[in-house]
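What follows is a set of notes on a single structure, which appears directly below.
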Amino acid sequence: MNDYKKLFDHDIKATWLYIKVGVKWLVMALLVAAVCGPIGALFSESIVYVTKLRHIHPWLLYFLPLAGLVIVFMYERFHVAGMGTNNIIKAARHGTVLNALLIPAIFVSTVITHLFGGSAGREGAALQIGGGIANYIGRILHMKKEDFKIMTRVGMASFFSALFGTPLAAAAFGTMVVNVGDVPYSAILPGLISSITSAYIARILGGEVVQFKVMAPAYHPFMYIKIIILAILCAIVSIIFVKTLIYVHKFMITYIKNSYIRILVGGCLVVVLTLLIGNTDYNGAGMDIIEKAIVHGEVKPTAFLMKIIFTAITLESGYKGGEVVPSFFIGATFGCFAAKLLGIPAGFGAAIGMIGIFGAATNSFLSPLFLAMEVFQGVGLLYFALAAIICFIFSGYSGLYTSQRIIFSKVGTMRVDANPNLYHTGDKK
């Protein structure tokens, strides 16, 4: 009888512990969402507003080099020079405390970059802002080191969701991007709750919800083969994108050591390239070009290459934003172009490319699959699943985030525990 009583008491204590922990993380998830949702909506609307402003006043582009000097000065004054998404990933892995001034620094500098025509995204900034907010909340609440790890992941997911309106993709990305192949299950539920809540709050406040209508071809053996070929090509383009960022970064820090001169040179190069091309297709995030590729199947054959060049110069010279939306642009434009050659509907090929290169560049396949479900409403899901997994595998150990850890081999069962781009030095923004 005593044994049964002990077992019963143990079960009661265990159940009560689970309830307490569950309630704690429910409260934390909602708290993070309550902060990330409104700030995410403000950030999204700010990017949209300054992008419209730049289109109305194209002369703003000429001030990009001077705007870069402001960014470098601000980062130095805030003592966050050199900090970026890699620092957020490290904080999520090790439970370290971040400098809270990174939050306003990346917010303002990303808006400045977009206002004056730098070629950058916003999701990298979202990971930094969201992770920074949650990390700061954890510091205020005197959380333990292990809780810091979860909080930072929850913040990353929450702000990603607020910005794009894709809670499933955000929750998967925020919790799984840190260690590829090693999922912290304790972060999944609070990450999902926070992502759903922040997306809802952001939508109420006028935040953007990214969705496109696409027509998927019928499931057919020959179409599967074409999708496989397209996915392999997307993985190769992703590697080219990542390697270009690495080589431009190495060149910049080797030959232009002064950060003020570096960003000045980068800004001037973007201005000159824009004038030579004669349009602003590759300035800013380029969501309008992504829409043209997916919805209308219209794209210039060299668009993906030009975006790679513009983005590499912008980010590696010191401007802020992120590489994820550029990966959407590169994927959509390349996918649209390649699809026409392969006999795949151009718009659907653009959608496959967008999802595939995002997954390849970030070493993820579940988040891209969820993104396809949410952005394209589940159309052609088997094709997206196939493309996401192939891009993930064929991209090898190339990736945007050098602080990311790839735990298991992509082609076997052995544990590799390696960083992407092992020979890459420095911390990309």
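Glycine is treated like the rest: Cβ placed from N, Cα and C.
TrEMBL has this to say about the protein:
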- 21-44: transmembrane segment (TRANSMEM)
- 56-75: transmembrane segment (TRANSMEM)
- 96-118: transmembrane segment (TRANSMEM)
- 154-177: transmembrane segment (TRANSMEM)
- 183-202: transmembrane segment (TRANSMEM)
- 223-248: transmembrane segment (TRANSMEM)
- 260-278: transmembrane segment (TRANSMEM)
- 341-361: transmembrane segment (TRANSMEM)
- 381-400: transmembrane segment (TRANSMEM)
Among 154-177, 183-202, 260-278, 341-361, the most Cβ pairs under 8 Å with the transmembrane segment (381-400) come from 341-361
Comparing 21-44, 56-75, 154-177, 341-361 for Cβ pairs under 8 Å with the transmembrane segment (96-118), the winner is 56-75
One stretch in 21-44, 154-177, 183-202, 223-248, 260-278 has more Cβ pairs under 8 Å to the transmembrane segment (341-361) than the rest, namely 223-248
Ask   = Do the transmembrane segment (260-278) and the transmembrane segment (21-44) come together with 3 or more C-beta pairs under 8 Å, pairs six or more apart in sequence?
value = no
